[in-house]
């Protein structure tokens, strides 16, 4: 009377689904209209991790001229470079939670703006206490945009080779920022 219905085994059904996921994981996310917009987005996020690591390691070059200029006491010379790492490490989890509550995009952008403002103010420091204060507040911004960036990447990219590549690049830019 009719054709017999094809029975699928669970392996066959999962195989079809795996193929679909694999294809979706290789495609450009729908959030990007072109390859250029995706590339620009990736460079913005990769630049944020590079900048955060540079603020940790690159600042060790700056203190010798600042010691003379701002009359930093010998006992306080490590604070301008250390306070940034201290604050960033202490506030990563709370800002990650804020990103979960209000969205990674908002927390990421506020963190970047915060770092930019306090970097500008730190450039006009008149004494070492002001410099330490500004560096501490820069750490809050870094603690905000680091988990926010990972959240944005995780939401935009589907599981697959494309997401793996972007996360690998994000991870690779941290040591790159440290050595620049």
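Each residue, glycine too, has its Cβ placed from N, Cα and C.
All TrEMBL annotations are machine predictions without curation.
From a predicted model like this one, the values you see are computed outputs, not experimental measurements.
Record features (TrEMBL):
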{"type": "DOMAIN", "residues": "41-180", "note": "domain 'Major facilitator superfamily (MFS) profile'"}
{"type": "TRANSMEM", "residues": "41-62", "note": "transmembrane segment"}
{"type": "TRANSMEM", "residues": "102-122", "note": "transmembrane segment"}
{"type": "TRANSMEM", "residues": "128-153", "note": "transmembrane segment"}
Tally of DSSP helical, extended and coil residues in the domain 'Major facilitator superfamily (MFS) profile' (41-180) | 123 helix, 0 strand, 17 coil
Who are the long-range neighbours of the transmembrane segment (41-62) in its own chain, taking Cβ under 8 Å and residues 6 or more past its ends?
-> 32, 80-81, 84-85, 88, 108, 112, 115, 135, 138, 142, 145-146, 149, 152-153, 156, 166, 169-170, 173-180
Sequence-distant residues near the transmembrane segment (102-122) by C-beta distance (under 8 Å, 6 or more away from its ends) are 48, 51, 55, 95, 130-131, 134-135, 137-138, 140-152, 155
Predicted model, mean pLDDT over the domain 'Major facilitator superfamily (MFS) profile' (41-180) | 90
